[in-house]
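Below is one structure, written out as structure tokens; comments come after it.
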Amino acid sequence: QECKCHVSGSCTLRTCWRALSDFRRTGDYLRRRMNGAVQVMATQDGANFTSARQGYRRATRTDLVYFDNSPDYCVLDKAAGSLGTAGRVCSKTSKGTDGCEIMCCGRGYDTTRVTRVTQCECKFHWCC
């Protein structure tokens with residue numbers, strides 16, 4: 001909920017409205033929930049589901065659940081529509097998904113130094 005004071009500035013009268021939470025906060029919350037998701041499989045009658053792994057906790061009503069593991073996007077998988085990451089350009093300094101540590105999936109990577117010479121369209125102006 002967000003509120004704003006009226007013109008007087010004394011906040012004796014405010015207008016409030018419902019608003020979406022910050023996008024980063026929502027994403028962080030979903031990431032935490034996803035990391036705790038429980039893999040399940042359908043029961044024999046198909047009316048319910050149970051934990052897919054013996055000895056793991058049962059899913060609660062508020063847990064995120066999933067049936068199938070995610071595909072391995074590191075390798076070519078035409079059925080999943082993944083071209084893999086081999087041969088792609090990565091950023092050695094980035095810690096994000098474009099960084100070599102993540103994109104190369106532990107396979108290692110080669111570095112190449114590229115030097116580009118370009119015309120800068122610079123002009124010299126005598127000033128003093």
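Don't overthink the numbers, they just go from 1 along the chain as shown.
Note that Cβ sites are derived from N, Cα and C of the backbone, with glycine treated the same way.
Feature annotations, courtesy of Swiss-Prot:
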type	residues	note
DISULFID	Cys3-Cys16	disulfide bond
DISULFID	Cys5-Cys11	disulfide bond
LIPID	Ser8	O-palmitoleoyl serine
CARBOHYD	Asn48	N-linked glycosylation site
DISULFID	Cys90-Cys105	disulfide bond
DISULFID	Cys127-Cys128	disulfide bond
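Remark: Cys105 (disulfide bond) has Cys74, Thr85 as non-local neighbours, by Cβ distance under 8 Å and separation of at least 6 in sequence. The disulfide-bonded residues under consideration are Cys3, Cys11, Cys16, Cys127. Their Cβ neighbour counts within 10 Å are lowest for Cys127.
All chains included, 2 other C-beta atoms sit within 10 angstroms of the C-beta of Cys128 (disulfide bond).
Ranked by how many other Cβ atoms sit within 10 Å of their Cβ, the disulfide-bonded residues Cys5, Cys90 place Cys5 at the bottom. Checked against Cys16 (disulfide bond), the recorded positions Cys5, Ser8, Cys127, Cys128 differ in C-alpha distance, with Cys5 being the nearest. Comparing Cys5 (disulfide bond) with Asn48 (N-linked glycosylation site), their Cα atoms are 51 Å apart once rounded. Comparing CA positions across the recorded positions Cys11, Asn48, Cys90, Cys127, Cys128, the one lying closest to Cys3 (disulfide bond) turns out to be Cys11.
Spatially close to the residue listed as 'N-linked glycosylation site' yet at least six residues away along the chain are Ala42, judged by Cβ distances under 8 angstroms. Separation of the C-alpha atoms of Cys11 (disulfide bond) and Cys127 (disulfide bond): 56 Å, rounded to the nearest whole number. Other Cβ atoms within 10 Å of the Cβ of Ser8 (O-palmitoleoyl serine), summed over all protein chains shown, number 8. Cys90 (disulfide bond) and Cys128 (disulfide bond) are 47 Å apart (CA-CA, integer value).
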